[in-house]
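Here the structure comes first, spelled out in structure tokens, and everything after it is commentary.
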Amino acid sequence: MQPSNDPAIVDMAAAEKEKKRPSVSFLKLFSFADFYDCVLMALGSIGACIHGASVPVFFIFFGKLINIIGLAYLFPQEASHKVAKYSLDFVYLSVVILFSSWLEVACWMHTGERQAAKIRKAYLRSMLSQDISLFDTEISTGEVISAITSEILVVQDAISEKVGNFMHFISRFIAGFAIGFASVWQISLVTLSIVPFIALAGGIYAFVSSGLIVRVRKSYVKANEIAEEVIGNVRTVQAFTGEEKAVSSYQGALRNTYNYGRKAGLAKGLGLGSLHFVLFLSWALLIWFTSIVVHKGIANGGESFTTMLNVVIAGLSLGQAAPDISTFMRASAAAYPIFQMIERNTEDKTGRKLGNVNGDILFKDVTFTYPSRPDVVIFDKLNFVIPAGKVVALVGGSGSGKSTMISLIERFYEPTDGAVMLDGNDIRYLDLKWLRGHIGLVNQEPVLFATTIRENIMYGKDDATSEEITNAAKLSEAISFINNLPEGFETQVGERGIQLSGGQKQRISISRAIVKNPSILLLDEATSALDAESEKIVQEALDRVMVGRTTVVVAHRLSTVRNADIIAVVGGGKIIESGSHDELISNPDGAYSSLLRIQEAASPNLNHTPSLPVSTKPLPELPITETTSSIHQSVNQPDTTKQAKVTVGRLYSMIRPDWKYGLCGTLGSFIAGSQMPLFALGIAQALVSYYMDWETTQNEVKRISILFCCGSVITVIVHTIEHTTFGIMGERLTLRVRQKMFSAILRNEIGWFDKVDNTSSMLASRLESDATLLRTIVVDRSTILLENLGLVVTAFIISFILNWRLTLVVLATYPLIISGHISEKIFMQGYGGNLSKAYLKANMLAGESISNIRTVVAFCAEEKVLDLYSKELLEPSERSFRRGQMAGILYGVSQFFIFSSYGLALWYGSILMEKGLSSFESVMKTFMVLIVTALVMGEVLALAPDLLKGNQMVVSVFELLDRRTQVVGDTGEELSNVEGTIELKGVHFSYPSRPDVTIFSDFNLLVPSGKSMALVGQSGSGKSSVLSLVLRFYDPTAGIIMIDGQDIKKLKLKSLRRHIGLVQQEPALFATTIYENILYGKEGASESEVMEAAKLANAHSFISSLPEGYSTKVGERGIQMSGGQRQRIAIARAVLKNPEILLLDEATSALDVESERVVQQALDRLMRDRTTVVVAHRLSTIKNSDMISVIQDGKIIEQGSHNILVENKNGPYSKLISLQQRQRHHP
């Protein structure tokens, strides 16, 4: 929806949007708490309340001590005993604080982790139960990854120790005021009048910053979507040298984030500055008022002073609770889309379960349009009967609606009118899981999950036995290649099955459907990816499987469906004609006969080919995949140049370009920090003046109040400078690091993306989390460090000047205070890295299941996915309990030492006064300054291990940035005046992920300039590996590959790829318009060039028929287009590039016969005077090639033109032809 251009309307709309920013109530975040969580929260709350209330109790003792010490010059001996007694009370109080703070942290951390895990599972469960149409129109994989990576972490942060922290401060606030009113109500009342101003300043800051943070997060979602899509289609991006364009898009998406982040920095500076401004003015008022209370004898100096301290610190607790409130608000906003999804009403999927399934399917007056394109009518009053136990074939043009009929039977979509019936029952009223449980589906583009072959087959039947799995693999002819794998069924297939060839993926996909033993079988080009020999065997296996089952086959190759009981020609939203093969060909003017004639004309010499063959994605053509062991042994081996350490200097070098901002921020931080000890000195001076004569008290109070008023103005300025400059620096760092990481990812060779740890979901997740972590360490923590450094330096200078003896004693307790903090931090840090890795695996699983949602729901695998997801969350959940216990104990110990040290300091101060070595004034001033210092000293030094060990937390950032690609391409010569002669000379090659498996050994191939070379052979023989080597997706282990006599390793990589066009078997489109997808072939091409390319690829007519034409969005991974439409867009993209060398990997495989004929003609024109390498299973498409090479086991076993090769009747090529001809006549 585009915003209005009217500024007034825009402002009103923005204000309204800000006002109505959606969020959920805070209590709703705890919706998933069970009884055990409630017990944990109750115990944690009790601990937090006792911990918070202990501080005001401390001030009661403190007030009595002050009074004793203040009057010690009258009765020194007696005073010393009393001080010792109260100092011991401090120790008892410290023990209470130890246990209560442990309970607070341990319980809240554990319950937070437990509840967040349940929210994660509920979110994914809801996602998996949504209607498929939602994924066409509203939800992207990037959105899901962002929600699970970031948003739920924000919620987890808000429902764990942050709640304990908040209750701690609130109980301190309540207890402080209660004790204050009981002690000196007059002072408490004046203080109470100030608290609303403090709370208001904190509240406004929290509200503004939370609004900006929501906007920042929304911007990140868009950037995440771009990253996930680009990395997922990295082969296409690299083949079309689109890396810079991708980085530019990503940077554009991040620019909004940067703008909002800068505003958040300014808001934080003004917010915290205003908070301190109010505090300074409040203290000036209170010091003056307390002096009057003491003068009039309402209360003594110690009591009055500690009441004032107590009430102000209680008020301050509201300020300290403000960041927690901000976290709660942020979580409420972040949780809105999550809970909205969890509670989203899906249509009731329960229903009747039939006792027996015959398999009669009826389309009754079915009208249908896709939700994403409601203007385009696919079916209008469609009526069709699929009898039980029969094989029904659907044929017709690409985009005619064949696959849509399968989607309607699977109930991926509901008809807009009419009904789909099963055995006389409207399938809308049948239980959805039960329905899908009786249907087996094999798609044209097989979808596998990044797990083992065994697990992939078990998606068909979760409790399948080893025997059932093996039998299914035998039936699909997958067993032969699986047995050749080092790890057999336990072999990892990689993201989207990338480690396997297309034929191997399809066979596993068929095994998955077979193991299900369904009543209804839906085959959408099920044998399309197989070579002729495998196809024959698999087709026979499928024929056996089809017996007695209702089977619906979608096919472009008519030869595959000759024996179907019924063949239906789909077109124009209706069934044009139907009948058996013999019945249909008896009508020479019929649609089927017309299609048959077109196909026969395409391959007269071969009498047809039966398959819609597909070879593979352009790389892992071979039969061996990456195994878990080989990943660690080999794939990671080149990356062993990991930096063992990332120095602090290296961390800070990242912000060198922004040193001016850093300098201003450092100055602001140092001044802001140094204000606190000076403030404490002013308060201590006021306290001392309460024990002097009235005139002296008045003068001192007046002087201190004026200084505080000046300080209030300075604090606003320095806080604004500090947070604005560091905010800008932090956002610039994040922007720079994300951009560098993204560029570094795209710089890597294709082999790097084959690794299990480098899937698109995991890398997109890392881009989001790692850059933010680096910013937190380098900028956010440095801000606190510098501020507290200013505080500590100023405090020690003042303390040593005032009373060096007392300072040294207090300083001696600091190691104990700090050790607790440091231990806690180191302990937490040790868990941090491992936990983030555990979540990465879970995030990858979630992203993968959403991107393959159709396969998941078709196989009723939602529960399987959720079980796997739960297992991935088990480790962080188990660790959270131990982590919470240790963190709680260490936190409690550090609190114990802090309060015990106060008792020691006051006791020692009284001894010094007793011996006449110190005055009351110097003791109180030193003590007050050191109290403030001790409160933050632990925090400062606890940051040190984070900064020093920051390399462990962000090492992955630098690993990525420092990694040298194994295919170096930024040096070398430019390739110009390309003639196009390709030569592979003595090539030895094995994939980096499986170095033990040799693909080529002394492989030689020459493709003369301007000639076409076809590569044929069985699936997994190495055909697509040739294309991958020419494109330099991989480098050979030995031998050279030359273009026009130049070693391609000595050429600039982008220069090489600019002259090569690629069309893959599974076309990779981007989630943008058709126009933008075609334009990807040639940046800056004119509109007429784009349209001409579309016409050549036979895409213009179907594009023009769409309501939005070339502006039609193709959806994530081109899901809104049919397979044939996607392929034609991909061909148009290659046509537009107009390359000297053309690589076609089953370029016409997804097209119907009519489209294929026209596109083949277009490709023939395109191939003229151009060096072309064609990979094909279907021999009819390559009979006109200048040369044909038959590849088997990584070697060329026969080579020549079609006419020469067919003369050798016993040759491999002739055998392939006769096999396909036999299939044509006896399918």
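Backbone N, Cα and C atoms are what each Cβ position is placed from, and that goes for glycine too.
These numbers come from a predicted model, not from an experiment.
What Swiss-Prot lists as transmembrane segment is 38-62 (among others), and the listing cites sequence analysis. Outside the transmembrane segment (38-62), and at least 6 residues removed from its termini, the chain residues within Cβ reach (under 8 Å) are 30, 86, 89-90, 93, 96-97, 99-108, 110-111, 114, 163-165, 167-176, 178-180, 183, 306, 309-310, 313-314, 317, 895, 899, 902, 906.
The domain 'ABC transmembrane type-1 1' annotation in Swiss-Prot covers 41-330.
Among the features that Swiss-Prot reports, transmembrane segment is placed at 90-110 (among others).
As annotated by Swiss-Prot, transmembrane segment applies to 169-188 (among others).
For 194-214 (among others), the entry in Swiss-Prot reads transmembrane segment.
Sequence-remote contacts of a segment are chain residues at least 6 beyond its ends whose Cβ falls under 8 Å from one of its Cβ atoms, and for the transmembrane segment (269-289) they are 186-187, 190-191, 194, 197-198, 201-202, 204-206, 208-209, 308, 312, 315-316, 319, 322, 675, 679, 682-683, 686, 701-702, 704-706, 708-709, 711-713, 715-724, 727. Positions annotated as transmembrane segment by Swiss-Prot: 269-289 (among others).
Listed by sequence, the residues of this chain that lie at least six past the ends of the transmembrane segment (297-317) yet keep a Cβ under 8 A from its Cβ atoms are 52, 55-56, 59-60, 62-68, 70, 169-170, 172-177, 179-180, 183-184, 186-188, 191-192, 194-195, 198-199, 279, 282-283, 286-287, 290, 683, 686-687, 690-691. The annotation transmembrane segment is assigned in Swiss-Prot to 297-317 (among others) on the grounds of sequence analysis.
Among the features that Swiss-Prot reports, domain 'ABC transporter 1' is placed at 361-597, with the record citing sequence analysis.
For Gly401 (ATP 1 binding site), the Cβ neighbour count at a 10 Å cut-off comes to 24, with all displayed protein chains included. Feature annotation from Swiss-Prot assigns ATP 1 binding site to Gly396, Gly397, Ser398, Gly399, Ser400, Gly401, Lys402, Ser403.
Look at Swiss-Prot and you will find 662-949 tagged as domain 'ABC transmembrane type-1 2'.
Outside the transmembrane segment (663-683) by six or more residues, the chain places 276, 280, 283, 287, 309, 704, 707-708, 711, 714-715, 718-723, 725-726, 729, 783, 786-795, 798, 925, 928-929, 931-933, 936 with a CB less than 8 A from a CB of the stretch. Summarising the annotation, Swiss-Prot assigns transmembrane segment to 663-683 (among others) and lists sequence analysis as the type of evidence.
Positions annotated as transmembrane segment by Swiss-Prot, on the basis of sequence analysis: 704-724 (among others). Long-range contacts of the transmembrane segment (704-724) within the same chain, counting only residues at least 6 positions beyond its ends with a Cβ under 8 Å from a Cβ of the stretch, are 262, 265-266, 268-270, 272-274, 276-281, 283-285, 287-288, 664-665, 667-669, 671-672, 675, 678-679, 682, 685-686, 783, 787.
There are 20 other Cβ atoms within 10 Å of the Cβ belonging to Asn758 (N-linked glycosylation site). According to Swiss-Prot, the N-linked glycosylation site annotation covers Asn758 (among others).
Look at Swiss-Prot and you will find 784-804 (among others) tagged as transmembrane segment, backed by sequence analysis. Through the fold, the transmembrane segment (784-804) approaches residues 665-666, 669-674, 676-678, 680-681, 722, 810, 912, 918, 922-923, 925-926, 929-930, 932-933, 936-937, 939-940, 943, 947 of its own chain, all at least 6 residues removed from its boundaries and within a Cβ separation under 8 Å.
Annotation comment: Swiss-Prot describes 806-826 (among others) as transmembrane segment, evidence class sequence analysis.
Annotation comment: Swiss-Prot describes Asn834 (among others) as N-linked glycosylation site.
For Ser1024 (ATP 2 binding site), the nearest neighbour among the binding-site residues Gly396, Ser398, Ser400, judged by Cα separation, is Ser398. Of the listed binding-site residues, namely Gly396, Gly399, Gly1017, Gly1020, Gly1022, the sparsest CB environment within 10 A is found at Gly399. Through the fold, the transmembrane segment (90-110) approaches residues 40-41, 43-44, 46-48, 50-51, 54, 57-58, 61, 160-165, 167-168, 880-881, 883-885, 887-889, 891-893, 895-900, 902-903, 906 of its own chain, all at least 6 residues removed from its boundaries and within a Cβ separation under 8 Å. Looking at Ser403 (ATP 1 binding site) and Gln1018 (ATP 2 binding site), their Cα atoms lie 27 Å from each other. Following the DSSP three-state reduction, the secondary structure of Lys402 (ATP 1 binding site) is helix. Per-site Cβ counts within 10 Å over the binding-site residues Gln1018, Ser1024 peak at Ser1024.
Of the recorded residues, Gly397 (ATP 1 binding site) and Gln1018 (ATP 2 binding site) place their C-alpha atoms 28 Å from one another. Within the model, the domain 'ABC transporter 1' (361-597) shows a mean pLDDT value of 83, rounded to a whole number. When Cβ atoms from all protein chains are considered, those within 10 Å of Lys402 (ATP 1 binding site) total 27, not counting its own. Here the CA atom of Asn758 (N-linked glycosylation site) lies 24 Å from the CA atom of Gly1020 (ATP 2 binding site).
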